Structures are given as structure tokens and as C-alpha cells.
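Enquirer: This is the structure I want to talk about, given as C-alpha cells.
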Amino acid sequence: MTTIITVRKGGKVVMAGDGQVSLGQTVMKGNARKVRRIGKGEVVAGFAGATADAFTLLERLEKKLEQYPGQLMRAAVELAKDWRTDKYLRNLEAMMLVADKSTTLAITGNGDVLEPEHGTTAIGSGGNFAFAAARALMDTDKSAEEIARRALDIAADICVYTNHNIVVESLDVEG
């Protein structure tokens with residue numbers, strides 16, 4: 001699978017993900033880019049799960065963002081509704097993290113759109129490890145990017161489906 005984390009701290013929101021693509025127990029690729037900017041560069045998105053499914057969902061989310069510009073929550077809720085109810089989409093196996101300057105969301109195929117309350121959240125096979133590491137580092141003087149990178153490094157040390165090839169995207173936040 002993979003690990004994707006987002007950290008919101010110090011005027012930045014940072015999303016980071018590893019680059020490993022596994023097929024069963026075999027590493028097929030080590031430098032995949034699972035974190036990217038969408039929505040005219042105003043949204044960062046990361047995905048875990050089946051790669052083709054995740055790209056399908058990213059395309060759908062981009063269309064929703066075109067329909068509802070500047071409204072990440074609305075676009076995410078509309079995507080989650082489609083994902084849960086559409087005969088084709090509901091079979092897709094992926095999760096997504098998305099963030100803009102004011103909101104961070106986790107979107108699942110069960111129709112969940114979750115907003116984290118501690119400034120960080122993570123998904124994927126190493127998500128729990130990365131989340132715990134980031135939570136422990138949130139009260140330090142480390143920047144959002146430093147926390148995200150360290151949390152992913154810790155997850156990669158523990159999770160065999162996560163590697164140390166980290167891709168980071170960041171946005172300035174409101175407030």
C-alpha cells in the first residue's frame with residue numbers, strides 16, 4: 001500500500017507520501033508520486049490504495065472542484081456521495097487525503113469525509129505509525145514539513161509497504 005500524511009502547523013499545510021508501489025509482496029516501483037496539486041494548484045491531494053482507482057477518484061475530485069471552485073468540503077462530500085452510491089465507483093479501493101488553505105479532509109469509499117482535530121492525519125498501511133509519530137511531534141518546535149518527513153521515516157522503518165522516497169507538497173494556510 002503506502003503512507004500519506006498531512007500536517008497543519010505554523011502557517012503551512014504539508015502533505016507527504018512515500019513512493020512505493022507493491023503488487024502482492026513484490027515492490028514494483030519505488031518512486032511513484034502519490035501526492036500532487038490539483039484544483040488549479042489550490043489543493044494538495046494524496047492517495048493510498050489501488051493506484052488506478054486512486055487516479056480515477058482524483059479525476060472525479062478535480063471535476064467536483066471545477067463545479068464547486070474554492071469549496072473543498074462541498075466537492076469532497078459530493079465525491080463521497082458518488083463514490084458510495086455509484087455502481088462502478090463503490091468498487092474502487094482507495095482512500096484520499098485532501099487539503100486547501102483552510103481545510104484538511106480524509107475521504108473514504110464508505111462515504112466518510114473526516115476533518116482531523118489535531119492538525120494531522122494519515123492514511124495507508126503505515127498511516128497509524130505516521131499519525132502517532134506526528135502527534136508526538138506536534139508540540140515540538142519542528143515545522144510542519146519536518147514533522148511530516150520524520151513521521152513518514154518512522155512509518156517506513158516499521159511498515160514494509162512504505163519506503164523512504166518521500167514527496168512533499170505544501171500550501172500557505174489562512175489565519
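Cβ from N, Cα, C; glycine included.
Because the structure is a prediction, the values reported are computed rather than measured.
Residues or ranges marked as active site by Swiss-Prot on the basis of sequence analysis: Thr2. The annotation Na(+) binding site is assigned in Swiss-Prot to Ala156, Cys159, Thr162 on the grounds of sequence analysis.
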Enquirer: Give me the Cα-Cα distance between Thr162 (Na(+) binding site) and the residue listed as 'active site', rounded to a whole Å.
Expert: 5
Enquirer: If you count Cβ atoms within 10 Å of the Cβ of Ala156 (Na(+) binding site), leaving out that atom itself, what do you get?
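Expert: So the number of other Cβ atoms within 10 Å of Ala156 (Na(+) binding site) is 21.
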Enquirer: Under 8 Å Cβ-Cβ from Cys159 (Na(+) binding site), six or more apart in the same chain: what's there?
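Expert: In sequence order, the residues whose Cβ lies under 8 Å from that of Cys159 (Na(+) binding site) (at least 6 apart) are Thr3, Ser125, Gly126, Phe129.
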Enquirer: Determine the Cβ neighbour count for the residue listed as 'active site': the number of other Cβ atoms within 10 Å of its Cβ.
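Expert: So the Cβ neighbour count for the residue listed as 'active site' comes to 29.
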Enquirer: Which state, by DSSP, holds Thr162 (Na(+) binding site): helix, strand or coil?
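Expert: Its secondary structure by DSSP: coil.
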Enquirer: How far is it from Thr2 (active site) to Ala156 (Na(+) binding site), counting Cα to Cα, in Å?
Expert: 9
Enquirer: Quick one: give me the count of other CB atoms within 10 A of the CB of Thr162 (Na(+) binding site).
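Expert: Other Cβ atoms within 10 Å of Thr162 (Na(+) binding site): 30.
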Enquirer: What is the set of residues, excluding Ala156, Cys159, Thr162, whose C-beta falls within 8 angstroms of the centroid of the C-beta atoms at the Na(+) site?
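Expert: Those within range, site residues removed, are Thr3, Asp18, Gln20, Ser125, Gly126, Phe129, Ala130, Leu152, Ala155, Asp157, Ile158, Val160, Tyr161, Asn163, His164.
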Enquirer: Sort Ala156 (Na(+) binding site) into helix, strand or coil using the DSSP assignment.
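Expert: Assignment for Ala156 (Na(+) binding site) reads helix.
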